[in-house]
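Beneath this line is the structure, given in structure tokens, with notes to follow.
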Amino acid sequence: MFDTLFKSIFGSSNDRYIKRCRTRVEAINALEPQMQALADEDFPARIAEYREQAQNGRSLDDLLPEVFALTREAGKRALNMRHFDVQLVGGMVLHEGRIAEMKTGEGKTLVATLPVVLNAISGLGVHVVTVNDYLAKRDAAWMGRLYNFLGLSVGVIVHGLSDEERKEAYGADITYGTNNEFGFDYLRDNMKFYPHQLVQREHNFAIVDEVDSILIDEARTPLIISGPSEDSTGLYRRVDDIIPKLSPEAHFSVDEKARTATLTDEGVAKCEELLGIDNLFDPGNITFQHHVLQALKAHHVFRRDVDYIVTPEDQVVIVDEFTGRLMPGRRFSDGLHQALEAKEKVKVEAENQTLASITFQNYFRMYKKLAGMTGTADTEAVEFQQIYGLQVITIPTNKPMVRKDYPDSIYRTRREKFEAIVAAIGELHKSGQPVLVGTISIETSELLSAMLKKTGVPHNVLNAKHHEQEAEIVAQAGQRGKVTIATNMAGRGTDIVLGEGVRESGGLHILGTERHESRRIDNQLRGRSGRQGDPGSSRFYLSLEDDLMRLFGSDRISGLMQKLGMEEGEPIENRMVSRAIENAQKRVEGHNFEIRKTLLDYDNVMNQQREVIYTLRRETMMEADLEETAVEFMDDLFDEIYGDAEQGKGSEGDDAKAYAMARLRDVFNITRVLPLTDGQLPDRETARGAVLSILDELKRDTGEVYRDILRFFLLEEVDRCWKEHLLNMDHLRDGIGLRGYGQRDPKQEYKREGFSLFQEMLFRVRENLFRALTRLRIQREEQAPPEELKQEFKHKEEPKSLNYSGAQKETPSAAPERRGEPKVGRNDPCPCGSGQKYKKCCGA
């Protein structure tokens with residue numbers, strides 16, 4: 001009540017923000033005559049002048065009016081496009097690190113040039129993030145004319161570039177690319193060996209186009225670089241053969257909401273009989289159990305031409321549920337992709353093991369300043385604020401919106417609904433009004449296409465199978481009498497321009513064949529019509545058999561429709577029913593938000609560990625002399641070995657001193673210079689001196705290559721142990737939910753045990769480093785020249801068999817050796833959570 005009264009008097013916070021921007025818009029407009037008087041060659045000189053002022057301490061906020069005015073004039077001359085006043089406001093929103101919600105056709109691509117130019121002046125680089133390679137190349141070439149006119153350099157990052165080309169693109173003032181390419185380049189940089197191999201600069205400022213698609217829709221899917229693991233392809237085929245012999249309900253049940261399958265007791269017994277094993281739940285048979293559940297999902301949850309397609313080359317390719325695009329190169333996780341390959345009787349590819357991973361949430365939060373643009377963000381404003389700290393500002397349209405959004409037409413069955421859709425399309429086609437038909441799957445678009453062919457209505461189909469003609473089909477969709485069927489239009493990035501005489505016949509009509517589980521995707525489809533004040537209309541056709549209605553809202557809506565007494569083929573258009581559907585969508589959105597938030601909570605634990613490892617790698621790469629680091633690592637190990645001996649800790653069957661001597665032999669190969677024949681543990685300083693003498697001998701034998709040897713072995717061990725650690729964390733994550741049954745918080749347990757595993761991993765790095773160094777011998781009489789030695793100790797090149805995917809990976813492996821209590825090394829992060837190294841905090 002109070003909020004409503006406050007808004008009626010003072011306006012919403014959004015209105016007040018827009019009002020505050022008007023003063024600066026007037027200041028920019030006042031500078032227009034001054035900029036119009038400049039000669040073309042004056043523009044790069046002005047940018048150089050502003051760059052110098054910024055370097056001398058003048059703030060970008062202070063420079064904003066002049067730079068925006070200069071960019072607006074450059075747009076007129078280079079592109080023949082002038083920024084509207086509302087676009088200037090959009091530019092201010094982006095510069096301040098917020099999200100600008102702008103309707104379709106309001107010129108988001110042009111708006112981005114304003115903050116891009118302003119922030120490029122700093123010389124620290126600006127990243128413009130798009131949803132696909134086509135848009136990255138298109139926008140870089142299109143807006144590049146404006147940037148080049150101003151004397152700024154532009155780079156573009158797309159799939160298939162070499163490291164040299166990527167480095168050059170990142171070195172430009174402005175870099176366009178996709179979210180996947182930026183994320184994978186970050187991960188790849190943290191697998192490199194020498195500083196000159198790094199391609200990315202620091203993460204200064206990013207503008208994310210279609211920000212809702214990238215930061216929300218794709219946030220459930222982490223970026224993963226993986227390599228091949230053990231081959232278990234035969235097992236997938238063996239398990240797939242038994243699935244047709246299992247009966248629904250009797251042997252298994254499917255939860256469509258959660259997209260899971262579960263075996264019944266009878267199903268477990270049947271599987272044991274068919275697989276010829278005694279106990280499916282025996283630890284030795286855990287792999288069978290996992291494969292059976294994945295095979296059930298492949299057969300009864302995932303649908304061909306909806307969730308994936310099979311290409312003419314017999315490859316299973318994922319279909320993006322939000323955009324309808326194919327995602328070649330990405331694979332479902334947890335062996336699900338292999339289960340689908342077995343189901344479709346194509347070649348089953350080997351499983352992969354995670355080498356590096358990050359979520360989009362944590363990648364984009366690394367930027368000093370982050371901003372975004374989209375046509376539909378307001379429905380997710382709370383999530384943007386909570387997770388990314390980004391405020392959504394709705395920018396007014398340049399011309400009033402006149403599109404008519406009609407109420408939903410709801411039918412009892414899918415058959416009735418599709419018959420009504422075909423009839424409606426036929427009527428609209430006769431009248432000359434173009435129709436864009438939105439479907440949520442390839443299966444539906446092809447079904448509708450077949451029905452239209454029978455009635456003789458000419459039409460185009462745009463889905464993941466026909467993406468080559470995408471831009472051409474979309475561009476023609478606004479012509480008189482055109483009928484275009486398209487899977488989800490999110491991120492298509494091509495405006496639909498109305499043809500001659502179309503405005504008079506009502507503009508483009510949007511016909512939705514089903515509600516998506518996200519209101520935002522529905523709004524994106526609607527937003528294709530009514531751009532820049534054009535006329536248009538929209539209507540959704542639904543049935544009680546649609547997935548959303550069936551799973552999330554059917555009982556209540558079905559009851560309402562029975563009360564209203566519907567006849568066969570008769571639609572209902574009722575606001576109460578539409579509200580019930582919207583509430584069902586809100587429930588699904590809330591459910592998906594919780595999934596993303598949980599993913600982030602768990603990834604935050606991994607993120608802290610990732611930062612420590614990547615910082616260690618970066619310091620190892622950059623450090624000219626690693627000898628001091630090696631000695632510190634050695635002292636950490638001595639602290640542990642001699643500390644355990646003093647406290648009487650040993651392994652089973654060994655006394656503490658015997659165990660300490662065994663560790664000295666194993667880790668440091670100490671008997672090479674110090675015999676331990678009398679069974680006495682040498683004092684710490686004697687043992688330390690012995691290890692230093694081994695290192696000194698290695699240093700004398702290798703000369704200047706010694707530093708490269710230290711770097712090589714340290715990076716090798718960090719990478720190998722980190723890879724194993726990622727696998728162990730995957731296993732921990734998979735089983736941690738069960739802790740809830742023991743009245744323990746799974747997230748806290750994951751954090752606690754994850755920290756323990758991480759500390760052990762850091763100690764394994766130190767141990768393995770010294771195992772390698774103290775056993776390395778150089779034959780003096782056959783000693784290689786320094787250059788050959790350098791080549792010998794160069795880091796291995798990136799394996800060619802790496803996979804880049806957007807899903808979590810899990811493969812079974814033996815549990816790591818566990819110590820009783822994790823030790824904290826002096827260079828490790830302090831357990832108190834201060835963020836400092838232990839030696840500078842509690843260990844000082």
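For all residues, glycine too, the Cβ spot is worked out from N, Cα and C.
Since the structure is predicted, the reported quantities are computational estimates derived from the model, not experimental observations.
The record from Swiss-Prot ties GLN87, GLY105, GLU106, GLY107, LYS108, THR109 to ATP, and of the options ASP405, ASP408, ASP495 it ties ASP495 to that site too. Reduced to three states, the DSSP call for GLN87 (ATP binding site) is helix. Just so you know, of the binding-site residues GLU106, ASP495, the Cβ with the fewest other Cβ atoms around it within 10 Å is the one at ASP495.
LYS108 (ATP binding site) counts 24 other C-beta atoms within 10 Å of its own C-beta, drawing on all protein chains shown.
Those residues of the chain, other than GLN87, GLY105, GLU106, GLY107, LYS108, THR109, ASP495, with a C-beta within 8 angstroms of the mean position of the ATP site C-beta atoms are MET102, THR104, LEU110, VAL111.
Counting only same-chain residues six or more apart in sequence, the Cβ atoms lying under 8 angstroms from the Cβ of THR109 (ATP binding site) belong to ASP139, TRP142, MET143, ASP209. Mapped onto three states, the DSSP output places ASP495 (ATP binding site) in coil.
Each of the binding-site residues GLN87, GLY105 was ranked by the number of other C-beta atoms within 10 Å, and first place falls to GLN87.
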